[in-house]
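Enquirer: Sending over a structure as structure tokens; questions will come in a sec.
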Amino acid sequence: MSDSKEITKVIVTMVVISAVAAALLALTYTPTQAQLKLLQAEQQKEAMKEILPQAADFEPVTGSEVDDDGNPVVLYYKGVDSSGNVVGYVVERNQVGAQGMIQLLAGISSDFSTITGFQVMKHSETPGLGALITTPEFQGQFVDLPVADTSLTKNGGQVDAISGATISSQAVVDALHSAVDYVSAQEG
């Protein structure tokens, strides 16, 4: 009898501890998520300024879909100068890389002829190989690069692939072409 009482006592204790831990986790989750969203929005704004520096402001272009919070989903951003003239576009693209999804922001000139730059926002590429898509040396190749030349050198373009990470390099090129095609179809 005493063994079953001991087992019951241990089980009840574990259930109470688990319930308290779950309650604490639930209490901290919501404020943490809100703070995380604010931080991500700030990082995105900084990245947009870097890849389209001639823009004084970014106007969101939304579609008919809404997110989980009921806000319209942003399709892309129009970069405008201080007079309100469109100087380019910034669009988020997701592309499958060698190890997972690569999420990047692409800057495109207002006439859709030039990549103004890009920033990787998230990735799960191999450290020391595919992760080198985040380096200034790789990303610098795309600053003011004509869209027609936005392909790897092995394919006749002007982009040097990262040695040992051709799939990741090609994924970036594909994402940039997808970005240009998408925005030009929406705006053109």
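Each Cβ is built from the backbone N, Cα and C atoms, and glycine gets one as well.
Pulled from Swiss-Prot, these are the listed features:
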{"type": "MOD_RES", "residues": "THR166", "note": "FMN phosphoryl threonine"}
{"type": "TOPO_DOM", "residues": "1-9", "note": "topological domain 'Cytoplasmic'"}
{"type": "TOPO_DOM", "residues": "31-188", "note": "topological domain 'Extracellular'"}
{"type": "TRANSMEM", "residues": "10-30", "note": "transmembrane segment"}
Enquirer: Using DSSP, how many residues of the topological domain 'Cytoplasmic' (1-9) fall into helix, strand and coil, respectively?
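Expert: Each residue of the topological domain 'Cytoplasmic' (1-9) counted once, the result is 8 helix, 0 strand, 1 coil.
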Enquirer: Please classify the secondary structure at THR166 (FMN phosphoryl threonine) using three-state DSSP.
Expert: helix
Enquirer: Near THR166 (FMN phosphoryl threonine), how many other Cβ atoms are within 10 Å of its Cβ?
Expert: 15
Enquirer: Looking only at the topological domain 'Cytoplasmic' (1-9), report the model's average pLDDT.
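Expert: The average pLDDT of the model in the topological domain 'Cytoplasmic' (1-9) works out to 82.
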